[in-house]
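*Asks:* When I checked Swiss-Prot for this same protein, it listed these features:
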- Asp48: active site, nucleophile (ACT_SITE)
- His43, Tyr76, Tyr179, Leu200: substrate binding site (BINDING)
Amino acid sequence: MGRPSRRGRDIDGIVLLDKPLGLSSNDLLQKVKRLFRANKAGHTGALDPLATGMLPVCLGEATKFSQHLLDADKRYRVIARLGERTDTSDAEGQTVSVRPVSLDKTRLEAALDHFRGESSQVPSMFSALKHQGRPLYEYARKGITVEREARPIHVYDLQLHRWDLTKVELEIHCSKGTYIRTIIDDLGERLGCGAHVMALRRLAVARYPIERMVTLAALQAIAADAPPDTLAQLDALLLPMDSAVADMPLVNLPSDLAARLRLGQTVAVTAQPQAGLVRLTEGDAGRFFGIGEIAAPGRLTPRRLIAEPRA
């Protein structure tokens, strides 16, 4: 006789995972989902197996707002090998060229300055970007090259931490859709020596503090020590789901207007932002219940609402 299945939970919140080296983002997601016994879970932008660092995992109703974290700014620490270019632009690929490195700090800083600010970037063939429903890396592994359009990106800050004639270490604060491996590959070509990513760590997503990250091993230890039938210690690590949209202006509504929004109706509001997405709360308790949009001054329309108000 088989073991009885353990029912999942309707648990809402966001856990900031410190992704370990060598594990795919989806593998980590499934492990976390099982640990929390969550009915629904989703991550907010994959990290390569080579990469480590912050991977927000949304549970339950928080998955409705994961796109806003996918669209958020990111901060990375990267170590690049100079003098060697690979077909994947990272250490997991095949070496395609080896060249001598002739470099001084003035020339390096001048090359780095090229990447600061607004620019356009052609995504790597070894990225998870989809083409006809399939990630580009699937085509690349079959030797197929797909034409990709350059996309606008913004590097808000790029700091040189240390360098020598074999490697360079950078910290990069950038917009969504920025491929660090492409920056490193382009940097290597600009320097004339080639380069690839040796190590990559995501330090931040949006404004989430690095101090709130937790490792998979820590979650597993907490779950192993937890009393039977309670996950309170794990749940205490969850951030509220509205933290995903904390940068949006807040609109607090009385219960009657909140009820109308839940029915899909547009409501009139005063003394609110003129336009754009807003974070919605209800009543004196300020319970979060989703996001809306002010498409015209004084008119609020529902966009993504949770199933019911959560405390």
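Cβ coordinates are placed from backbone N, Cα and C, and glycine is handled just like the others.
Please go over these features one by one and say how buried each is and what sits next to it.
*Replies:* Within 10 Å of the C-beta of Asp48 (active site, nucleophile) there are 20 other C-beta atoms, taking all protein chains into account.
Around the Cβ of Tyr179 (substrate binding site), a 10 Å sphere holds 20 further Cβ atoms from the protein chains shown.
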*Asks:* Rounded to the nearest angstrom, how far is the Cα of Tyr76 (substrate binding site) from the Cα of Asp48 (active site, nucleophile)?
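*Replies:* So the alpha carbons of Asp48 (active site, nucleophile) and Tyr76 (substrate binding site) sit roughly 13 Å from each other.
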*Asks:* What are the non-local neighbours of Leu200 (substrate binding site), defined as same-chain residues 6+ apart in sequence with CB under 8 A from its CB?
*Replies:* Leu47, Asp48, Leu50, Ala51, Thr52, Gly53, Tyr76, Arg77, Val78, Ile79, Asp90, Ile180, Arg181
*Asks:* Count the Cβ atoms, other than its own, that fall within 10 Å of the Cβ of Tyr76 (substrate binding site), considering every protein chain shown.
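*Replies:* If we count other Cβ atoms within 10 Å of Tyr76 (substrate binding site), we arrive at 22.
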*Asks:* As a test of the contact definition, list every same-chain residue at least 6 positions from His43 (substrate binding site) whose Cβ is closer than 8 Å to its Cβ.
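*Replies:* Within the chain, His43 (substrate binding site) has Cβ neighbours under 8 Å at Ser25, Asn26, Leu28, Leu29, Leu55, Pro56, Val57, Cys58, Ser66.
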